[in-house]
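*Asks:* Take this structure, written in structure tokens, and hold onto it; I'll ask about it next.
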Amino acid sequence: MTLSFDLTTEGARDALRARAAPEKPSLIGLTRAELGEALVASGIVPERQAKMRAQQLWHWMYVRGVSDFAGMFNISKDLRAELDKHFTVARPEIVEEQISSDGTRKWLFRFPPRGAGRPVEIETVYIPEEGRGTLCISSQVGCTLTCSFCHTGTQKLVRNLTTEEILAQLLTARDRLGDFPDRDTPDGAIVPAEGRKVSNIVMMGMGEPLYNFEAVKKALLIASDGDGLSLSKRRITLSTSGVVPEIFRTGEEIGVMLAISLHATNDDLRDLLVPINKKYPLKELIAACRAYPGLSNAKRITFEYVMLKDVNDSIEDAKGLIKLLKGIPAKINLIPFNPWPGTNYQCSDWETIEKFADYINNAGYASPIRTPRGRDILAACGQLKSESERMRKVDRLALEAMMIAGHGEA
């Protein structure tokens, strides 16, 4: 059974009115140094207190998960009022929450226009498994890559997400799952039996993370900060379709696990499936992978390979894959194609996928077949696409009018 909660009706008018007011800057997504600078620049904290106050706020935002200054009890009431006057730590609007029959959750978040002309929406997916819970995070509204098998690729790029908006997906998911101290897990929620509800994050949602490098870098460094959200970098994976110039920087400056959306073993086919290959062909991509900082058997690169019937699923393709990746510490994730409305592709037969996996395994590579999750709510790999077009026209126009009347499109 699939559950879907439309969260726009309750408080929708309040949300519209709130958007008419000038947008307060968020403290989410600032470094500690930037937090201190913002407090001093606002005139509410003297410079000598900036470092201490920044640390207090950091703890409340990222350890306790507080989304309202009123809940920061070790800060004076007067200072809390001043903070609320100048800044916000609020969560984004949740338009809809869908819960799959397998426990997968998908949220549709709405963010301010920030240059896009109207409010924007993105999707975030939570996948519970035995012993871990993985959050699939988006980095852009839409995508420029137009990978032919991917639903997100049919949505034009609207804009990059900010560091705040990337982190907001993680913070809100932890809110909804009861993953902060003194929070209750929702009744009936499927989550890991022990430990964190969100133990892993993957930058595999909407968009190409390396086309939004600085915001993604900052968000992941905050997410992995040991005095805050404290996610291990070994539990953070960044997936790229092959933006070669930024791959080395990812390892050097962020230090997280790397995944490559490969899907083909020759340039002719990859040009069709993943058009960025025309700019950065396989020879350059594989060379960048071999040079990835820290690459070892303990820090393998994951290569994602979607199984498309009669396209890339032959044993000859498997042989080509082994030859291409020879010498690279790697894991190869085989992804049964997840259908979406309007696609021309079909998923490979299960027997074909198993034979492909057996060949890869016998060649010495771990080759798990990814279990499709959340297909019934279009939350599976390659199915994400924000659905702003579902807003009733009258509501969308009213929302846009109030946004523009309040503070323009910035």
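Quick reminder: no glycine exception, Cβ is built from N, Cα and C everywhere.
For reference, Swiss-Prot lists these features for the protein:
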ACT_SITE  Glu123  active site, proton acceptor
BINDING   Cys143, Cys147, Cys150  [4Fe-4S] cluster binding site
BINDING   Gly207, Glu208, Ser239, Ser261, Leu262, His263, Asn338  S-adenosyl-L-methionine binding site
DOMAIN    129-378  domain 'Radical SAM core'
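Surface or core, plus neighbours and distances: that's what I need for these features.
*Replies:* A coil conformation is recorded for Cys150 ([4Fe-4S] cluster binding site) in the three-state DSSP classification, outside any helix or strand. A 10 Å cutoff on Cβ-Cβ distances gives Cys150 ([4Fe-4S] cluster binding site) a total of 26 other Cβ atoms nearby, all chains included.
Around Leu262 (S-adenosyl-L-methionine binding site), the same-chain residues six or more apart in sequence whose CB sits under 8 Å from its CB are Arg270, Phe303, Glu304, Tyr305, Leu321, listed in sequence order.
This prediction places the mean pLDDT of the domain 'Radical SAM core' (129-378) at 93.
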*Asks:* How many Å separate the Cα atoms of Asn338 (S-adenosyl-L-methionine binding site) and Cys150 ([4Fe-4S] cluster binding site)?
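*Replies:* Taking the Cα atoms only, Asn338 (S-adenosyl-L-methionine binding site) lies 9 Å from Cys150 ([4Fe-4S] cluster binding site).
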*Asks:* Neighbour count, 10 Å Cβ-Cβ cut-off, for Ser261 (S-adenosyl-L-methionine binding site): what number do you get?
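*Replies:* Result for Ser261 (S-adenosyl-L-methionine binding site): 25 neighbouring Cβ atoms inside 10 Å.
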*Asks:* Hey, what's the Cβ neighbour count for Glu208 (S-adenosyl-L-methionine binding site) at 10 Å?
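*Replies:* Cβ-Cβ neighbours of Glu208 (S-adenosyl-L-methionine binding site) within 10 Å number 26.
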*Asks:* For Cys143 ([4Fe-4S] cluster binding site), just count the other CB atoms lying within 10 A of its CB, please.
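*Replies:* There are 26 of them.
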*Asks:* Compute the C-alpha separation of Ser239 (S-adenosyl-L-methionine binding site) from Cys150 ([4Fe-4S] cluster binding site), stating it in Å without decimals.
*Replies:* 14
*Asks:* Could you check which of the recorded positions (Glu123, Cys143, Cys147, Cys150) sits closest to Gly207 (S-adenosyl-L-methionine binding site), going Cα to Cα?
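*Replies:* Closest by Cα: Cys143.
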*Asks:* Measuring Cα to Cα, how many Å separate Glu123 (active site, proton acceptor) from Ser261 (S-adenosyl-L-methionine binding site)?
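*Replies:* Per the Cα atoms, Glu123 (active site, proton acceptor) and Ser261 (S-adenosyl-L-methionine binding site) stand 19 Å apart.
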